[in-house]
Amino acid sequence: MLLKLSLSSMRKMMKDYLVLLVGLVISISIFYMFQTLALNSDYTKNNSMISSIQIVFNVGAFLLAFITIFYIFYANSFLLSLRRKELGMYMVLGAKKGKISQILFLETLTMGIISLVIGSLVGIALASGIGVLLMNLLEISTEGYYAFYLPAMLMTWGFFLVLFLITSTINAIRLARATELALIRAEQQNDKIKSKGIGAVLVAILGVILLALGYTCLHLLMYLQALGFIVGAISCTIGTYLIFISLLPVLVQALKKNKKLNDSKLNAFTFAQLRFRVNNLTKILGTVAMLIGLGVGAMAGGLAFQQNVNLFTTVFHVYDVNLHDPVEADYQALKKMNVLEQNTYRYKVDDKAYYYLKEDLLANPLLISTNSIQNYSADNKPKLVTDPLPKEAYIVSASKADKGKYEAIPEDWDKALFTNFINYQMIEGKSILVVDQATYEQTAGSEHKVLLAKVDDYLKYTQELKAMDEHQKQLIGSIVNVKAEDVYTSSKYSTYAGMYIFTSGTMFMGFFLGIAFLAMMASCLMFKILSGAARDKDRYSMLRKIGVRQSLLVGSIYKELFMVFIFPAIIGLMHVLIGMEMFSFILLDPYLNIWIPTLIFVVIYAIYYYITVQLYRGIVLPKEA
Amino acid sequence: MSTAVLEVKDVQKIYGTKGESQSHALKGVSLTIEKGEFVGIMGPSGSGKTTLLNVISTLDRPTEGFIEIAGTNITQMKRDQLADFRSQRLGFIFQDFNLLENLSVYENIALPLSLQGVLSKEISNKVSKVAQTLGIEEILQKYPVQISGGQKQRAAAARALVHDPAILLADEPTGALDSKNAKSLLETMTDLNENHQVSIMMVTHDAFSASYCKRILFIQDGKLYTEIQRTGDRQQFFKQILDVLAELGASHDVR
């Protein structure tokens, strides 16, 4: 009988349960999608070569699990709060508590299993859809990545089943401990109004100081190293929570104290609701701010690495094309490009050395980059190497036999020759010399040439440049007797391509992590707000009775929830903007295109804000007849 | 007729749609309340008195008929107009106080004025004036949880009166009060009616509360049953009410 009752009441509250179900499905599917990456170590190994990425993955998986626990906890207390009154009524009517606890346990578990089934399916779809789409977009190979990955599936089911069992038990215990009366009156408990005094102001100041300290540590990370990171992270976290515990309530209080503002329209009510929220949601708001920071940070970090590839490449390479002995196909390809500058330099090679012709070099002096990673500026233009070369021969790289025989070439020439002419695999223990016309002509070896070119935008010609690179690999491979795929060319394109793949992997992961974080924390906030909504119902019906226009009530809801959503967003984004600075010692410009992750965040967050308002509105403002 | 604050003509209210099981809550009720009157509406449970109050207070629409409050026909109004009308022309006191417990007493009372866009300074004046009338100046900065039931109902009354409504509608205002507080509130309402010319319509099933009214309308089965006027003192009126109620009860038994 009770089972029937519970089923029918669940059917009646279909909409509320749907909300819950959707939240759980989002959580489960994201968790699964993430596990397909976190557990598939073959894939991550292929896509990121350094171990620190693996650490990020593990930390990410841990954080995700941690947040998911919180999330499920909130989702379930939401469920319970919706049912308390009804369950209390059964008890008053004489149903045994044990029996009701049992039913609640089964309900929670059933709900969990249903959401697990749907969540896994959605997870597979997400992984194959978004995952593969993202990878294609980034031109990363999807080889080794599986949308359906059994270990990930097992992990997801295991983790969530345990979680659901625990929450079901907690729900049942909670119910068992509550009295009938407390259950029936569940919604009538009043808000406690704690007044905030001078203590709160002090805590707020402490919070701001800690935040400032944390930011300074991250800013000076280059000097403070690991210690700076640990101190920075800890003081930022504590500072954030302190600010939400003290500063926000104080601010809202100040808003309320402004009599003129408070007395206008429905502001008194809006502020009162807001005050209640900032006082009761301090912990979750602090957590949300941190998660926004982590989520957007993960996205921005990944993106920054990827976006900096081009800058990195320009630091090392001035010329877009450098070819030894170009073939006909290369010339054809060059014709298709918009070539700004093109020069050819001759050299001879015998079994002892490479001989570059000095006159060619002086006729068309080389450009070298004046930028370095430590000291990057877009204003640092490449400079022409102008050092005179009066002697008849200079040495660039000496074989054992030639050590000390010739004068070393000036530094700038050295740099120019090394970046543009010399492939390390080609040296093979030979010397590299720059010689004048007379010496060059006396030298017996075979003659070759190097072609250097600058084009308008090398990223436009990646196909052609790739083909050129293949030709070069074959050529060099045949000279030094190794397989073409084992040849490393030193062209701008190869530097770019190598870094692009690695950083795209980082970015892909950053986005996965970021979106998962954002979605979860936004729905956490949503549930926390909605779980208190039933209690607000009376207030809104009261306001309606005394004649507040529907539009004004809706406006109040929008305003109030906007404030609740915007505070953590501001602080979270502030964390990101300041935190990204810490990458400046490995990235040239950590803020490049930071608007993309920011925009993604704003969109996801705005969607959740809108859904929350609509759901909340549905609960507190029933349709008027 | 110009002095009537409320005019109800042939009001019918039918719940449910045609074809389904319909219930006829009001079967053609007509009544008039003059300015400055203190009228009670009595009747057994299910007689339709709450429905009558709901349609008068514009929370519900009559199926048929015509209601005019202070010269305004409210039956044809749109939703927003109704809301504005409620907030500007009507004052409510409910059995369960209906104070917003997250607002201070001051803010609760100020709310109807804030909604009308009254300036902060003027709000302050009006609130303290009405608080003085109701004897709650001391508790203005407190929150509803911190004050007694009697004080809550006074605060609710203050909120109902602060914007000078055309009529004060009270729904079982003493229902949740102990006898001492109930008596005190009723005396206050009498004072408001006699000395501040507040028109009051009070729905109650409690004969003692009703005895404070000047005139009482009895409803039964969705129709006006009878009407009595207070002529002598309150005790006498109380007995008169009990007689009518007994009569009502008897007619119930007969059927």
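Glycine too: its Cβ is placed from the backbone N, Cα and C atoms.
Quick look at what TrEMBL lists:
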type: TRANSMEM; residues: A:17-35; note: transmembrane segment
type: TRANSMEM; residues: A:55-82; note: transmembrane segment
type: DOMAIN; residues: A:59-177; note: domain 'ABC3 transporter permease C-terminal'
type: TRANSMEM; residues: A:103-134; note: transmembrane segment
type: TRANSMEM; residues: A:154-176; note: transmembrane segment
type: TRANSMEM; residues: A:197-221; note: transmembrane segment
type: TRANSMEM; residues: A:227-252; note: transmembrane segment
type: TRANSMEM; residues: A:284-305; note: transmembrane segment
type: TRANSMEM; residues: A:507-530; note: transmembrane segment
type: TRANSMEM; residues: A:551-578; note: transmembrane segment
type: TRANSMEM; residues: A:590-611; note: transmembrane segment
Per the definition of 3+ C-beta pairs under 8 A with sequence separation of 6 or more, do the transmembrane segment (A:284-305) and the transmembrane segment (A:154-176) touch?
no
Let me check one thing: do the transmembrane segment (A:17-35) and the transmembrane segment (A:154-176) come into contact, meaning three or more Cβ pairs under 8 Å with sequence separation of at least 6?
yes
Taking all residues of the domain 'ABC3 transporter permease C-terminal' (A:59-177) together, what is their mean pLDDT?
76
The transmembrane segment (A:197-221): which same-chain residues, six or more beyond its ends, come within Cβ distance under 8 Å?
228-229, 231-243, 245-247, 249-250, 578-579, 581-582, 585
